[in-house]
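J.: Here it is: the structure, laid out below.
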Amino acid sequence: MEKYIMSLDQGTTSSRCIIFNKKGEIVSVAQKEFTQIYPKAGWVEHDPLEIWGKQAGVAGEALNIARISPEQIAGIGITNQRETTVVWNKRTGMPVYNAIVWQCRRTAGYCDELREKGIDKTIKEKTGLMLDAYFSATKIKWILDNVEGARELAEKGDLLFGNIDTWLIWNMTKGKIHVTDYTNASRTMLFNIHELKWDEELLEILDIPKSMLPEVKPSSCVYGETDEILFGVSIPIAGDAGDQQAALFGQTCFNAGMAKNTYGTGCFLLMNTGEKAVDSKNGLLTTIAVGIDGKVEYALEGSIFIGGAVIQWLRDELRMVKTAQETEKYATEVEDNNGVYLVPAFVGIGAPYWDSYARGTILGLTRGAKKEHIIRAALESMAYQTHDVLKAMEEDSGIELKALKVDGGACQNNFLMQFQSDILGVEVDRPEVVETTALGAAYLAGLAVGYWKDRNEISQNWAISRSFAPAMEDEKKEKLIKGWHKAVTKAMDWEERE
């Protein structure tokens, strides 16, 4: 009987299930979108019960599509939207409030209060994170302080907290297992990434009872088994990692200096720094890459706010293209950018500049500038921003970038990938299987149940669809980068400060 690994990929807009075979190839995919709830401006919520229902539904669907029985699943891996916060009553299994999503800004004011007290330095030292409403800690506090009766229940030990991974595992095991992994714990702003435990001082500052928190385990180990009611048989739940860390693992970035970039609406860059937690001087996050083989490995993380979103803007607002795919054709119809730079700082600019008052700008326009040059400049902006973050990572870690592995929608754009390689001066590798997030969770589960022997075996699975090698002369590259940096300085400090 042939065996497979099931991966539950619980994202921000949809719940998916992907089944993989021994070669790391996709056997079947099932996906369902769920409701985005916006109670007020800047607030974002999900219904945890809807997420669980849809996630269980797609698991059954993926088995049907693949025409395999639950007995053929050797293990289940879970990967999830990180930071999103669920608090539920352990006696009833019911959430006391909707899940507060990572994008939600409702606790920004409270974060400012903590910053005024200098707590941000303590948080950075212990958790590797910047004090921000993005992470789970202030979301938990908000629920305890604003939902009627929540704090009393928590003090009595009746409430549980979890990110989406914990919530899914709790439901899959019918409330037997309350657990998370090191990668998800490292995004709560409550976990000491050096001592590998929940931090008592931070819990005290935020007034969060420790009894609410899940047990923290490696990313690859058997946490428990699914309740038989789910599939008719018990299946080991054996892998768990936050989505970006799962993608790093799925891209087989197992050694220090290996990095991946996910080109989505924004871009997420992670670089493996090995067993060393690197403190960033450039405003990057220090995070846990994976907990495996009796140890944890660390990563530096940088995000770019506007990646593929700049292409959506060209399509929807400027109406320069009908589809995102057309941008490649237009960009290659001109020899170069003709001196045109586009800085997509629509919502400010992130690492390593960190200027929330920057705004988008197009510079270097002359009478010879055409639509094609603007489209090309938009694509190039993704590569320049990636370059800036990776250079900051190299500087922080003292580790030289060896190659960049890519995934996400925009990695299908060959012009962009070639330009990325030219600007970085390293090889850019696009894999055969671009579902690297789900694949990473599958690998973590498969290793724990012995489906794959070790990381070497997995590395042999990793197949390149296309590799892009740098082909630009150094002088030209330096000139382009200099032009980009000049453009960024013009975009900065534009919006009036209140």
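Any Cβ shown, glycine's included, is placed from N, Cα and C.
Positions annotated as ADP binding site by Swiss-Prot, on the basis of sequence analysis: Thr12, Arg16, Thr265, Gly308, Gly409, Asn413. Summarising the annotation, Swiss-Prot assigns ATP binding site to Thr12, Thr13, Ser14, Thr265, Gly308, Gln312, Gly409. If you look up Swiss-Prot, you'll see Thr12, Arg82, Glu83, Tyr134, Asp243 marked as sn-glycerol 3-phosphate binding site, on the strength of sequence analysis. Positions annotated as glycerol binding site by Swiss-Prot, on the basis of sequence analysis: Arg82, Glu83, Tyr134, Asp243, Gln244.
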J.: For Gly409 (ADP binding site), which residues of its chain lie six or more apart in sequence with Cβ-Cβ distance below 8 Å?
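T.: Residues satisfying the criterion: Tyr263, Gly264, Gly308, Ala324.
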J.: Any same-chain residues 6+ apart from Asp243 (sn-glycerol 3-phosphate binding site) with CB under 8 Å of its CB? Would you list them in sequence order, or say none?
T.: Asp9, Gly11, Thr79, Asn80, Gln81, Arg82, Thr437
J.: Tell me which of the binding-site residues Thr12, Thr13, Ser14, Tyr134, Asn413 ends up closest to Gln244 (glycerol binding site) in space, Cα to Cα.
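T.: For Gln244 (glycerol binding site), the spatially nearest of the binding-site residues is Thr12.
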J.: Other than Arg82, Glu83, Tyr134, Asp243, Gln244, which residues of the chain come within 8 Å of the glycerol site, judged by Cβ distance to the Cβ centroid of those residues?
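T.: After dropping the recorded site residues, what remains is Gln81, Thr84, Trp102, Arg187, Gly242.
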J.: Here's one to test understanding: among the binding-site residues Thr12, Thr13, Ser14, Thr265, whose C-alpha is closest in space to the C-alpha of Glu83 (sn-glycerol 3-phosphate binding site)?
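T.: Comparing Cα positions, the candidate nearest Glu83 (sn-glycerol 3-phosphate binding site) turns out to be Thr12.
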J.: Could you list the residues of the same chain, at least six apart in sequence, whose Cβ is under 8 A from the Cβ of Ser14 (ATP binding site)?
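T.: Once residues fewer than 6 apart are set aside, Ser14 (ATP binding site) is near Gln31, Lys32, Glu33, Phe34.
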J.: Give the distance between the Cα atoms of Thr13 (ATP binding site) and Asn413 (ADP binding site), rounded to the nearest whole Å.
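T.: Pair distance, Cα basis, whole Å: 23 Å.
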J.: How big is the Cα-to-Cα gap, in Å, between Thr12 (ADP binding site) and Tyr134 (sn-glycerol 3-phosphate binding site)?
T.: 14
J.: List the binding-site residues among Arg16, Tyr134, Asn413 whose C-alpha is within 10 Å of the C-alpha of Gln312 (ATP binding site), in sequence order, or say none.
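T.: If one measures from the Cα of Gln312 (ATP binding site), no binding-site residues come within 10 Å, so the answer is none.
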J.: Please report how many Å separate the Cα atom of Arg16 (ADP binding site) from that of Tyr134 (sn-glycerol 3-phosphate binding site), as a whole number.
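T.: That separation, Cα to Cα, works out to 23 Å.
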J.: Within 10 Å of its Cβ, which one of these binding-site residues (Thr265, Gln312, Asn413) has the largest number of other Cβ atoms?
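T.: The residue with the most neighbouring Cβ atoms within 10 Å is Asn413.
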J.: Any idea what DSSP makes of Thr13 (ATP binding site), helix, strand or coil?
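T.: For Thr13 (ATP binding site) - judged by DSSP and reduced to three states - the answer is coil.
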J.: Please work out the number of neighbouring Cβ atoms within 10 Å of the Cβ of Thr12 (ADP binding site), leaving out its own Cβ.
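T.: Thr12 (ADP binding site): 19 neighbouring Cβ atoms within 10 Å.
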J.: If you draw a 10 Å sphere around the Cβ of Tyr134 (sn-glycerol 3-phosphate binding site), how many other Cβ atoms fall inside it, taking every protein chain shown into account?
T.: 22
